[in-house]
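K.L.:
Annotations per TrEMBL:
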- Val65, Asn69, Ser301, Leu399, Ser403: Na(+) binding site (BINDING)
- 1-17: compositional bias 'Basic and acidic residues' (COMPBIAS)
- 1-44: region 'Disordered' (REGION)
- 86-107: transmembrane segment (TRANSMEM)
- 128-154: transmembrane segment (TRANSMEM)
- 217-235: transmembrane segment (TRANSMEM)
- 247-270: transmembrane segment (TRANSMEM)
- 290-314: transmembrane segment (TRANSMEM)
- 326-348: transmembrane segment (TRANSMEM)
- 390-415: transmembrane segment (TRANSMEM)
- 427-450: transmembrane segment (TRANSMEM)
- 456-478: transmembrane segment (TRANSMEM)
- 498-519: transmembrane segment (TRANSMEM)
- 539-561: transmembrane segment (TRANSMEM)
Amino acid sequence: MGDNGYKIDDDVGKRGVNDSNLPSYKPPLEDNDEKNKEDVEDNGPKRAVWGNQLEFLMSCIATSVGLGNVWRFPFVAYQNGGGAFLIPYLIVLICIGKPMYYLECLLGQFSSRNSVRFWALAPAMKGAGYSAILGCAYILTYYVSIVGLCLYYLSMSFQSTLPWSVCAPEWTDCIPSDPNQPATEVSPNASSSAELYFVKTVLQQIDGIEGGIGAPIWYLVLCLLASWFIIFVIVSQGVKSSGKASYFLALFPYVVMIILLITTVILPGSGDGILFFLTPQWDKLLELNVWYAAVTQVFFSLSVCTGAIIMFSSYNGFRQNVYRDAMIVTTLDTFTSLLSGITIFGILGNLAYELNREVRDVVGSGGTGLAFISYPDAISKTFLPQLFSVLFFLMMTVLGVGSAVALLSTINTVFLDAFPKVRTIYMSAFTCCSGFLIGLVYCTPGGQYILELVDYYGGTFLVLFCAIAEVVGIIWIYGLENLCLDIEFMLGIKTSFYWRFCWGLICPVMMTVVFIYALQGVTNLRFADTYIYPPAGYAAGYVMLFAGVSFVPIGIAYTLYRNRSGNFLETIRKSFAPKAAWGPISPTEKAGWEEFKREAKIHRENVGSSWPGHIWRSLTGLYRRKL
């Protein structure tokens, strides 16, 4: 939390007279100084901005409120004991989720830079930005395959009899999801027709991947292609088109979710499932695996540490009330997770009632298929199953597309900022085609096994590492007090004890403990809690993980090499201190910010404090309390 020395330039503001000069504003290079080229690029052509503030808010809602709430949250809660998971989830949300989301909104808006270039505040940590982008890419590849499954179910919903509501002749021990269909005598291990349809008909799932994953299934390939085409159409024109689409992507799903909730709670046995979800098991609070699941679910749901939030907020106006927006989105995200959780577990309670089992034992396959088993099963029991099915899977598709658009836009923004002469439509075509080709692996009979590996090692474990690197780089290298001063200058509000303490201590400590725990048990991953991967599967997972982790040490080593000098301490200082280009992108705002920082620094020097005292004053905000 040290006070990194800012490079104060007394001539700031003289180079660019006002904001109208911004597109051509470029600070002069020193003779033969190659190291400053990146600083010039940071102040290149003016970035696009949202059409209005509501577009940013809706885009954030469409990003954070997605399949992570409706698809992933219920099965993670199911795997971790229902109510046993809810308490750690809410604690992690308050102590880590909200602070990290607010932090990323602040950084993007303050710097107007993407998730890689904002590391001008601590150049040696720039590799953490690339790690986050790789994690974002990992998530995007399998996320769109889930959207493809939603499209498949949507297309099947127009049949006169929903195919998952009845038992196929070749299925044994099957209970039809449609209560009006005749049921045969079954054993205690019977499965619902919705589960058998998903596993045997849709996925054609094999028993393991030791003998390969098989060839892509043609109808899943078509659905994947359609998903990528929809995403391409939305992102092809940049932030302007995605901002307009966000209104529908953010609001439509709630209409369907509320209707489905009302339908679910009146089913027999649904109350038992809801109680299972809401009743905490206090002894589970001592199990670190539950906390790990809570941390990773919060990150996945809010899309923090993937670069998406930084990217979206970088298109904001400098003075926008991003604090209000962050609180709205994180609160709405929690509400949506609880809403979908109550709905899912109400359905599971009804399934337990139909199958005469305990709620925890009702869905054998679990995993990523839970939302494609329990939701279709409930839809089959409604009075207008075709209508509800169309609405529900249209909602799922909309939710998935909203988040996928944000993830792809994050990757596009990094590439477009690196290659500004390439048009957005061409870059979008390249990234979408690449994503489609990679996504073919998830369309195979063994695709769900691969999805679980990528989700665990690349989508959750790597993102957790990126979060730790982000907090260390921003709070402990750039400095907590520096960050809070930036917030005060931009928003005109002093940062409270809650935010300071969460950023400075709670976030890094909790995330590090969970990460170390997960690192020790990283080979314990099992598919649906039963299938053990072959050694090659775990090896591939490690490769994915360490490919992302390696960006951080490589970035530090490279920056130290670029700034090498005869004095090692001076090399360290140059490598980790903010660049001259860091700060508001507007020359006028930057001049005011540097003057504000100069006065704050003089005040801190007058107060005087030891290193422990400086940390305490930074955590508590004592430096600014009397001003």
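Heads up, the Cβ atoms here are built off N, Cα and C, so glycines get one too.
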K.L.:
Which range wins on Cβ pairs under 8 Å with the transmembrane segment (427-450): 128-154, 217-235, 290-314, 539-561?
P.N.:
217-235
K.L.:
Apart from its near flanks, which chain residues at least 6 from the ends of the transmembrane segment (247-270) lie with a Cβ under 8 angstroms of it?
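P.N.:
Answer is 55, 58-59, 61-62, 65, 70, 336, 339-340, 342-343, 346-347, 349-354, 375, 378-379, 381-382, 388, 391-392, 394-395, 398-399, 401-402, 405.
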K.L.:
Of the stretches 86-107, 290-314, 390-415, 498-519, 539-561, which racks up the most C-beta pairs under 8 Å with the transmembrane segment (326-348)?
P.N.:
86-107
K.L.:
Please report, as numbers and ranges, the same-chain residues at least 6 past the borders of the transmembrane segment (539-561) whose CB is under 8 Å from any CB of it.
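P.N.:
For the transmembrane segment (539-561), the list is 123-128, 130-131, 134-135, 138, 453-454, 456-458, 461-462, 465-466, 469, 522, 525, 571-572, 575.
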K.L.:
Please work out the number of neighbouring Cβ atoms within 10 Å of the Cβ of Asn69 (Na(+) binding site), leaving out its own Cβ.
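P.N.:
A count of 28.
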K.L.:
Can you see whether the transmembrane segment (217-235) and the transmembrane segment (128-154) are touching - at least 3 CB pairs under 8 angstroms, only pairs 6 or more apart in sequence?
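P.N.:
They do touch: at least three Cβ pairs between the two stretches lie under 8 Å.
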K.L.:
With a 10 Å radius around each C-beta, find which of these binding-site residues (Ser301, Ser403) has the fewest other C-beta atoms nearby.
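P.N.:
Candidates: the binding-site residues Ser301, Ser403. Fewest Cβ atoms within 10 Å: Ser301.
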K.L.:
Among the recorded stretches 128-154, 390-415, 456-478, 498-519, which has the greatest number of Cβ pairs closer than 8 Å to the transmembrane segment (86-107)?
P.N.:
498-519
K.L.:
Other than Val65, Asn69, Ser301, Leu399, Ser403, which residues of the chain come within 8 Å of the Na(+) site, judged by Cβ distance to the Cβ centroid of those residues?
P.N.:
Thr63, Ser64, Gly66, Leu67, Gly68, Val70, Asp333, Thr336, Gly402
K.L.:
Looking only at Cβ atoms, how many others are within 10 Å of the one on Leu399 (Na(+) binding site)?
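P.N.:
For Leu399 (Na(+) binding site), the 10 Å Cβ neighbour count is 29.
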K.L.:
I'm a bit unsure how to read this: which one of 290-314, 390-415, 456-478, 498-519 has the highest number of Cβ pairs shorter than 8 Å with the transmembrane segment (128-154)?
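P.N.:
Ranked by Cβ pairs under 8 Å, first place goes to 390-415.
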K.L.:
I'd like the Cβ neighbour count for Val65 (Na(+) binding site), meaning other Cβ atoms within 10 Å of its Cβ, all protein chains included.
P.N.:
29
K.L.:
Name the range, of those listed as 290-314, 456-478, 498-519, that has the largest tally of Cβ pairs under 8 Å with the transmembrane segment (390-415).
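P.N.:
Of the candidates 290-314, 456-478, 498-519, 290-314 scores highest.
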K.L.:
So which residues does the transmembrane segment (456-478) touch in its own chain, when a touch means Cβ under 8 Å and the partner is 6 or more beyond its ends?
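P.N.:
Residues 1-2, 4, 100, 103, 107, 119, 121-122, 124-125, 128, 131-132, 134-135, 138-139, 142, 295-296, 299-300, 304-306, 503-504, 507-508, 511-512, 514-515, 518, 522, 525, 541-542, 544-545, 548-549, 552, 576, 578 contact the transmembrane segment (456-478) from elsewhere in the chain.
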K.L.:
Are there residues at least six beyond either end of the transmembrane segment (498-519) with Cβ under 8 Å to its Cβ atoms? List them, or say none.
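P.N.:
Same-chain residues near the transmembrane segment (498-519) but 6 or more away: 1, 92, 95-96, 98-100, 102-103, 288-289, 291-292, 295, 461, 464-465, 467-468, 471-472, 474-476, 480, 483-484, 615, 618-621.
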